[in-house]
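Pulled from TrEMBL:
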ACT_SITE  TYR328  active site
ACT_SITE  HIS336  active site
ACT_SITE  LYS385  active site
DOMAIN    298-392  domain 'tRNA intron endonuclease catalytic'
REGION    1-32  region 'Disordered'
REGION    185-211  region 'Disordered'
Amino acid sequence: MASSTPELKPAQPEKAVPRNGAAKGRPRRPNYKHIHRFPLPITIHPLPPLIPHNPLSLLSIALSYLTFYISPPHPITCSAYFDAFTSSIQVTDPKTIRVLWEMGFFGKGSLSRSEPSWLEREKKRRGLIGQSTSEEATGMRRVERREFKLERARREKEAIAEQLRVEGKLPDGPASDKSVLALDDEATSEKKTAECSASAPNDEPAGKTVTSRIKSVRFSPTVGVADINDNVEVEDEEHLQLSSEDAFFLSYGLGVLEVYDDTRSTILQPQSLLALLRQHSYFPPRDPSAVPEPDDRFMISYVAYHHFRSLGWVVRSGVKFGVDLLLYNKGPVFSHAEFAVNLLPSYSHPYWKETEERRKYVAAKLNHTWWWLHCVNRVQAQVKKSFVMCFVEIPPPSADDKSGEQDIGELLKSYQVRELAIKRWVPNRSRD
């Protein structure tokens, strides 16, 4: 009796199933680690290591110093201009836009959500390029998430129908499943039908109304061919919009940004730029001859901005979530913001309690309530962010503020920052 041995075939690896049952694969992401490898728009040239027992290391260090002395590296210099109409700083040079975004995530595109990508989206819309943008990737994720939720709801309805059938509350058969699944659709269609019938006039039949709306269309006997020029270059209509804190940090803190005035003829020095930004922190902007207040909005926000930037955080605006600042570990392209920061002035100095007028002034500034705190904290808990209250200690007015000759470094040293993290306590999740 002959026995046949089945042919052994190598096991085929299972195909990876996309998340949420998505059949189409997502486009390949750019190498963000390489694109954003520099945290700030500054050039750093490290020296060779010094090895005490190796005399050649001293020669290598001396050669590096000599090379930098003969041919010093060119520092990064960016240019922007102040727009008095929007009280913001605008950057129009494409190279400068890429430098400021890729090295520290400064500013946002005027026609984009965050990264300036209007030109790529416009080229893709016209069929000139095939790569996808961040907005399209976000839209694709939202579509997949919506399909996943619809599929989950359908399975839940099927489970409910099966349970009702087991309990004997529904007749057996596929018709019951269809009736349960299509219950909402039927109700919606009936509602739409009722609305349409109610909106139609009672004295005219429906057929007559439809017939009266038909229009005649005449076609030309000759069909022309449109000339489409594919070589037309798309002009970039987007610019980078820097916040006041971003611009002053780049100009004063790093020294890599030259800000021109509204006429684009004069470069504003850090002292003049600070006075201009403090004037435009009010609405409407204050008169240039007015004495700056120590608790104006720009000083409070910039002190906190400079504080968190010096700690290595990427600081962005938090208006989307009802806070002042958002703190990212590396940047918005890598992960979501970990902390949501709200800025509050603190008047702990005895100067603010000396007179009744000053006490009323402080009370008018501190007008937040517990309702406001609970609302903001609830929003941050829903979006999985840690809520931080940042208190900025306001110093008393200085005589140098009136003359406008105070050193910026000494001015920033007079402010202090305190942080308080708040967590929403939920009884069924916080038993300890």
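Glycine is treated like the rest: Cβ placed from N, Cα and C.
Note that the structure is a prediction, hence the values are computed from the model and not measured.
A count of other CB atoms within 10 A of each Cβ picks out LYS385 as the most crowded of the active-site residues HIS336, LYS385. Confidence over the domain 'tRNA intron endonuclease catalytic' (298-392), given as mean pLDDT on the 0 to 100 scale, stands at 94. Shown in sequence order, PHE105, TRP313, VAL314, VAL315, ARG316, PHE334, SER335, HIS336, ALA337, GLU338 are the residues of the chain, 6+ apart in sequence, with a C-beta less than 8 angstroms from the C-beta of TYR328 (active site).
According to DSSP, HIS336 (active site) sits in a coil region rather than a helix or strand. Residues of the domain 'tRNA intron endonuclease catalytic' (298-392) grouped by DSSP class, helix first, strand second and coil last, total 43 helix, 23 strand, 29 coil.
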